[in-house]
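K.L.:
In case it's useful when we look at the structure, here is the feature table from TrEMBL:
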DOMAIN    142-210  domain 'K Homology'
DOMAIN    214-282  domain 'K Homology'
DOMAIN    285-347  domain 'K Homology'
DOMAIN    352-420  domain 'K Homology'
DOMAIN    424-493  domain 'K Homology'
DOMAIN    498-566  domain 'K Homology'
DOMAIN    570-639  domain 'K Homology'
DOMAIN    644-713  domain 'K Homology'
DOMAIN    790-874  domain 'K Homology'
DOMAIN    875-941  domain 'K Homology'
DOMAIN    953-1022  domain 'K Homology'
COILED    1003-1030  coiled coil
DOMAIN    1026-1095  domain 'K Homology'
REGION    1128-1164  region 'Disordered'
Amino acid sequence: MSSVAVLTQESFAEHRSGLKDGDITEDEAYIPTYLEAFPPLPDKGTPGEKTGEPARAWSKIRPIKASVITQVFHVPLEERRYKDNSQFGEGEEAKVCLDIMQKTGAHIELSLAKDQGLSIMVTGKLDSVMKARKEIVARLQTQASATVLIPKEHHRFVIGKNGEKLQELELKTATKIAIPRSDDPNANIRISGTKDGIEKARHEIQLISAEQCKTTTISVEVKKSQHKYIVGPKGNTLQEILENTGVSVEMPPLDSSSETIILRGEPDKLGPALTQVYAKVISFSHVIAPAWLHRFIIGKKGQNISRITQQLPKVHIEFTDGEERISLEGPTEEVEQAQAQIQEIIKDLMARMDYAEINIDQRFHRHLIGKNGANINRIKEQYKVSVRIPQDSERCGLVRIEGDPQGVQLARKELMDMAQRMENERTKDLIIEQKFHRTIIGQKGEKIKEVRDKFPEVIIIFPDQQQKSDIVQLRGPKNEVEKCAKFLQKLIAELVESSFSISVPIHKQFHKNIIGKGGANIKKIREETNTKIDLPTENSNSEMIVITGKKSSCEAARDRILTIQKELANLKEAEVSIPAKLHNSLIGSKGSLVRSVMEECGGVHIHFPAEGSGLDKVTIRGPAEEVERARRQLLQLAEEKQVNNFSVELQAKPEYHKFLIGRGGANIRRVRDRTGARIIFPSPDEPEQEHITIMGKEEAVWLAQKELETLIKNLDDVIEDSMVVDPRYHRHFVCRRGQVLRELAEEYGGVAVSFPRTGTHNDNITLKGPRECVDAAKKRIQEIVRDLESQVNVEVLIPQRYHRAIMGPKGCRIQQITREHEVQIKFPDRDESEAASQENGDTDLIPRKCDIITVMGRAEKCELARAALLALVPVTIDVEVSFDLHRYIIGQKGAGIRKMMEEYEVNIWVPQPEQQSDIIKITGQVASVERAKQGLLERVKELQAEQEDRALRSYKVTLSVDPKYHPKIIGRKGAVISQIRKDYDVNVQFPDKGDEQQDVIVISGYERSANEARAAIEQLVAALQDMVSEDIRLDRRVHARIIGARGKAIRKLMEEFKVDIRFPQPGSEDPSKVTVTGLPENVDNAIDHLLNLEEEYVSLESTTMGTGGNDEDNKALAKGFVVRDAPWNAQGNKAPDMSSAEEFPTFGSGIAPKQTSAWGPKKC
């Protein structure tokens, strides 16, 4: 079903959306008359005279009536319902009145007359008074009844519309009127009420019946569709006919199919009423016009249709989407006028408008539109046409172009060319792993932008990350797509090569040394090897460092990291030859077997060659003794694998594993030594934590399984035991949140150890768990107590100012000493008066309490820890460095000195500038201080070499050049002078505006480079001196077209002809003057080209003006608001002079008019 838009004066805005600024409009030059633009006010009429519409409007306003009224009526004694002789105002009558007042809101006053009749005064709003009166009559006055006979057909006039007439009559007469039903043959109307009310009601009913006897009716047939125009909005038309003629017009119900209209009234007035009814009947007509032309008929912002509907307001015009019919409805005469005007518009548009339709594959539509509509908007603006491209949902390839015939053909040709090019395009899919997509795109798309700039005609589309697709699509000209695909494949090959990864096992305690202070070491390795190095987190149990990059770079980085580890520890590396076919079985499921060997042999690292390499060499790295043990075990395992490879699994609770392994692997080693079988426990990340694997010869495996099952069975035998521990040692077990107790539970099968509460003086502790675990835990507790009994305190005197350096970052150095030597170290509280003591000249010869560090543990281990602490005490040395070099060593904002301190893990103190001292102090550990000293001296050598180089670069030459050539030497945005500076590695300084010598240019650099740069500038000046400048005049209308968007076209011209072209600035005295500068021959060629361009653009401009407008139209638009038939255009009149005090006098001035103004006589 097609949608219909009714173009009334209120709905023109609905037709604006499809019209752009470039669309064709009709009658844009229409000039209204003075009276149309400025309609006169109505003249002031004499009293009592009709003065036009405003007066009639005021006459219709009804006078405002009072909102409160008062009615008085009398009830005779014989009609009073309550005649009791009780005191007046206290009987039933008073109660009834109170009840009526509450119901109706009216105020009632009763009074008793001399004849005992009842006088009643009712006050209130009209509606309330009428209701109260009716209630009073019904309840305080005796009721009578009567009947009145009128013709049955008159009953409905007594009832009125919706019973309103009957209700009004009952209120007015204070009676109850009963009218028989329409199907009742009885015609008597029954009236109940007081005698006076009955008489009044009878009289009114008879008057209504008599009036109906005087009227006649006529029936006319009018089409049902026309009824709404006769009724009018809210029945206004029917009311208007009734007021004008006194004839009522009766319409059939809306749901009725009847087309009969009845007019009822006096015979002599039926004729005028019928004439008015027929005048309201609407005439229908239609105009045929191509559907594509409809919006041009409507005009820009509905302008054309608006003008017609303003002139003919009773005409409705409807346009139907997709149809050629334009429907008109309204009074016959006005419809004919509107039809003639629309046909005239259609005729004019058909003469100067055209359209074209082209079929373009729908998949190319979005490319025709361009990004944000760039392509299609350019075509619309350039050719002054409208282009309609169907929506994707329409599944249609028909593109429609409308507008000027020439513009339509040009736009059609360009769209066809674009579609042809796109049909010749090729689409290619590249398979690129999604993990490389982000790398190819780069941060903020920088890298892919470089690729797109290199291949601007190729569109590169990456899949959405959520799709997890590896397909990258290329689209564009065939050759360009192939080149781009090869480039991307080469880029991917480099990425694949640089994504090689190896893992290097490094002991956890050496990770911080590989990182270096502030990440200096790891950063240096990354930069020099161009690799990515990832270390495990501090709380991770992993010791693997992952290196990613090119294979050769990764191997170089690995060697450097291994070298650092080798320097820090007494590590040995050994190789053992094991057949490659046995490697997988030696590694075990998920590396379980080789991991058990590494854990058993003190954390050595075993590295197998890559699978499929065919190499037999297995590398073992770690402490010398453990490497030898691991080598023997590997050879033994390999031999066992070759002889027999039998294995079984048994289950044990995970908390029993550590007890089965024993401290330092003692328990499991005894089982293996007795049976010869290998026992493998699951790693923490394996899902099956209860499975223990036994491997070896079948007999050995059965023996080991039997022993382990016996141990596990004993562990399931839970007992409770107790032992005595001196209360002074209890705190050692429960401190640090029970760390020692947790370690006991983990090591001895989850045994629970309970200590008595503090303050109970009880020395008995309870142990609960498997029998063997409890016995082993008791032995271990006794060992700890013996260690505590033999514990000594050793004091180490180290000045407090060194304590922070000894602790290290986050106390890492102290933690390492306590772990290695199994001691506890306590630092004293900090003495805040330390700084003041140093300022007063105190020395470290006098020991202070805050300088004493306490070491607790076994005597021999405390001594070792003491030596380790003293080794951490920093030393200070002096290095002599020339004061002139200090600022270069410090670097910008201290960056240089900070880098050295982080790299060598020392503190470097440089004297203040006012001291003029050559001594730099280095503080830190002995080895670090020596390395920092060597690094500082190397830096001094570099700075001295740089000073010598600066002296050589300070050679200067001067050159005198006329200032008018300076801008040319500098070039656009400094391009020329920047190239000279780059080519000759010199600095070129031009004079400032305030300098006396404005022609002197200073060149500084190496002597040879400065002379060569001077020669280059002299050569450039010589070429400039041969140049000439010529002025030509070009029509200023074509300047913008010659310059082009953002100056692109003029830059291309200047590069092509090797000239400089200057256009006049806005507001210039000669806006057509253009200056061309360059070599004579180039200037002549450029001028000829510019003049040709001017001729071409001017002719094109005139052609465009001929089809779409001319200068006169443009001038007319610039005139402002114009009207026809203005008073000042009449014979003998002139336009008012706004500067004249006579025409526009100042308030209060007494200047008398000399002549009558065009505006008419002045009114006071």
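Placement of Cβ uses the backbone N, Cα and C atoms for every residue, glycine included.
Automated prediction, rather than curation, is the source of TrEMBL annotations.
Can you tell me where each of these features sits in the structure?
P.N.:
Note on the domain 'K Homology' (214-282): DSSP counts are 36 helix, 15 strand, 18 coil.
On the 0 to 100 pLDDT scale, the model's mean across the domain 'K Homology' (424-493) is 82.
Remote same-chain residues near the coiled coil (1003-1030) are listed as 952-959, 961-962, 965, 968-969, 976, 980-981, 983-989, 1075-1080, 1083, 1087 (criterion: CB distance under 8 Å, separation of at least six residues from the stretch ends).
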K.L.:
Provide the three-state DSSP residue tally for the domain 'K Homology' (1026-1095): helix first, then strand, then coil.
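P.N.:
The composition, in the requested order, is 37 helix, 15 strand, 18 coil.
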K.L.:
Thinking of Cβ pairs under 8 Å, which stretch from 352-420, 644-713, 875-941 has the most of them with the domain 'K Homology' (498-566)?
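P.N.:
Between the stretches 352-420, 644-713, 875-941, 875-941 has the largest tally.
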